[in-house]
Ligand SMILES: Nc1nc2c(ncn2[C@@H]2O[C@H](COP(=O)(O)OP(=O)(O)OP(=O)(O)O)[C@@H](O)[C@H]2O)c(=O)[nH]1
Ligand SMILES: [Zn+2]
């Protein structure tokens, strides 16, 4: 018994909730493979899988444990076999996306995170529309986003790129860094605090693993060379992983996401500027098409709002599901049902079905 779970982010709230499950032990999920998990507790890391009941009662992927989750397992250490995960404790934040190639299936990328490092490289991967997409998901998670611009050593038009970023960042902190010469590492470290969890997200090949290796002070994650001319990564990271930094702080590395479909999102924070303008349209339900007194059209004509940003807003608006619940609330809803009675289960199934039909 030599690991202090506080360093892994354990706090009073989770400890309290854990007392509800007599005979089970608290642990945090550190790795997620297809069906196998790794969890950590005071005794060390061990392999784990979910109980039959948890799997049976799960109605979608988000009901399964994810990296960062605090879970209740059946044993203290793994010397005589895999641990069984019986319960997931209520998530304080959930970073989720739509599972690739699906219509409306959520997939949890990381749970119980405090900060999201949205990583984008300053060379060929640079795309402010993608930042808007990540911000829409990040603001919905209940964690705080920070924009990390990587590979500054490969950028020769920084002022121009920063101007572009400023037009979409809406007050979110922006850090310019390079793992090549450690530019920006001081600033980066200021966002890494003991007992807090940071999820690194971004396209494949932007340098997430390299950055984490630098922060770890050793090569714990495999990185890969990429063809620099098209900046297409080769998906080196194949699973999600939680690591403890030597100076304190917890990081979660996620595989590069080429396709980031939105499951639930928060547009009002991401597009605060657009919504402020729209509030000035003559009609409350203005479609910003042909109505008289449309403030959006006026702003685009005047050049105070970019046409591209507005189109991006509309596109993401179509993708976000309008059920009025954010990812964490959906989560609570689901967990409540999972541990609630049969009647509640039935009700929620109906609710989900109605919601689907109304879409
Ligand atoms: N010049 C330069 N190259 C970098 C920098 N950071 C990372 N790279 C290179 O970029 C390539 C991809 O880096 P990774 O760290 O594997 O990228 P990743 O984001 O973890 O990619 P996935 O694991 O696929 O998600 C590697 O060849 C790195 O050496 C940097 O700051 N400057
Ligand atoms: Zn309008």
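Using N, Cα and C of the backbone, Cβ positions are placed for all residues, glycine too.
Predicted automatically and left uncurated, TrEMBL annotations should be read as such.
For 103-260, the entry in TrEMBL reads domain 'CP-type G'. The domain 'EngC GTPase' annotation in TrEMBL covers 111-258. Annotation comment: TrEMBL describes 150, 151, 152, 153, 202, 203, 204, 205, 206, 207, 208, 209, 210 as GTP binding site. For 281, 286, 288, 294, the entry in TrEMBL reads Zn(2+) binding site.
Note on proximity: among 150, 152, 202, 204, 206, the binding-site residues of the record, the Cα nearest residue 294 (Zn(2+) binding site) is that of 202. Most buried of the binding-site residues 206, 281, 286, 294, judged by other Cβ atoms within 10 Å, is 206.
Around the Cβ of residue 288 (Zn(2+) binding site), 20 further Cβ atoms fall within 10 Å across all displayed protein chains. According to DSSP, residue 150 (GTP binding site) is assigned to a strand segment. The binding-site residues near ligand 1, defined by a Cβ under 6 Å from one of its atoms, are 210, chosen from 152, 210, 294. The GTP-binding residues named in the record, 150, 151, 152, 153, 202, 203, 204, 205, 206, 207, 208, 209, 210, extend over a maximum Cα to Cα distance of 18 Å.
Between the candidate binding-site residues, 150, 152, 204, 210, the densest Cβ environment within 10 Å is the one around 150.
Proximity of the binding-site residues 150, 204, 286, 294 to ligand 2, judged by a Cβ distance under 6 angstroms to any of its atoms, singles out 286, 294 in sequence order. Of 281, 286, 288, all annotated as binding-site residues, the residue with the shortest Cα distance to residue 204 (GTP binding site) is 288. When pLDDT values are averaged over the domain 'CP-type G' (103-260), the model yields 86. Neighbours of residue 202 (GTP binding site), defined as other CB atoms within 10 A of its CB across all chains, total 26. Of all the binding-site residues listed here (281, 286, 288), 288 has the Cα closest to the Cα of residue 208 (GTP binding site).
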